[in-house]
Amino acid sequence: MLCRLASAGRNSGKLIAPLGCLVSRQKHTLPDLPYDYGALEPHINAEIMQLHHSKHHATYVNNLNVTEEKYKEALAKGDVTAQVSLQPALKFNGGGHINHTIFWTNLSPNGGGEPKGELMEAIKRDFGSFANFKEKLTAVSVGVQGSGWGWLGYNKEQGRLQIAACANQDPLQGTTGLIPLLGIDVWEHAYYLQYKNVRPDYLKAIWNVINWENVSSRYATCKK
């Protein structure tokens, strides 16, 4: 359950317990993008990025703050029923904030190509080749029914990379235990204005802007 989410992209991705800290929490804020809205064109156009960041992500942040205030009141009153009823909103909006904060940093106008170093070696070890990994993550992302995310995560207990899909805004670590390295948003708001309902075309294009330096940094951090 949520205590507070780090607003900066490099520090996000963890749910911190216990809920009692909501009493003195800081409000969540919309993180700035590390590039201009049009920087990922032609692969993701500026209109999509502007709406996705300033409208959709901002809504998750705002709703998360409102929900946490309500949860704080329920805690103060000892109203367990209200606490339980607020958990889906905490999960949805908290997950939306976590997921998007990671997503923005996973993308870069200087991205694309293939990773290097330890991450590339781990991909070859766990998937056979980069081509196999790319094919599997693409297939999992295409196959998400309705809205959700495709993820490359790190299984700390097993010391290996894994691919997973999460529905809606379910956060990867909070629902599977995998540490998020690379997330691909397959909600229609992430691509519909440009790619209409052809999700595979969007997924083909997004590989051109994957920020492998960011993904590699996340991998190095979670191995420590």
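Just so you know, the numbers here start at 1 and follow the chain as drawn.
Including glycine, each Cβ sits where the backbone N, Cα and C put it.
Residues or ranges marked as domain 'Manganese/iron superoxide dismutase N-terminal' by TrEMBL: 27-108. Secondary structure by DSSP for the domain 'Manganese/iron superoxide dismutase N-terminal' (27-108): 59 helix, 1 strand, 22 coil.
Positions annotated as Mn(2+) binding site by TrEMBL: H52, H100, D185, H189. Cβ contacts within 10 Å of H52 (Mn(2+) binding site), excluding its own Cβ and spanning all protein chains shown: 23.
Under the heading domain 'Manganese/iron superoxide dismutase C-terminal', TrEMBL lists 115-218. For the domain 'Manganese/iron superoxide dismutase C-terminal' (115-218), the mean pLDDT of the prediction comes to 98.
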Quiz item: Here are some binding-site residues: H100, H189. Which one has the most Cβ atoms within 10 Å of its Cβ?
Solution: H100
Exercise. Restricting to the same chain and to sequence separations of six or more, state which residues have a Cβ under 8 Å from that of D185 (Mn(2+) binding site).
Key: H52, N99, H100, F103, W149
Quiz item: In the domain 'Manganese/iron superoxide dismutase C-terminal' (115-218), how many residues does DSSP put in helix, strand and coil?
Solution: 54 helix, 24 strand, 26 coil
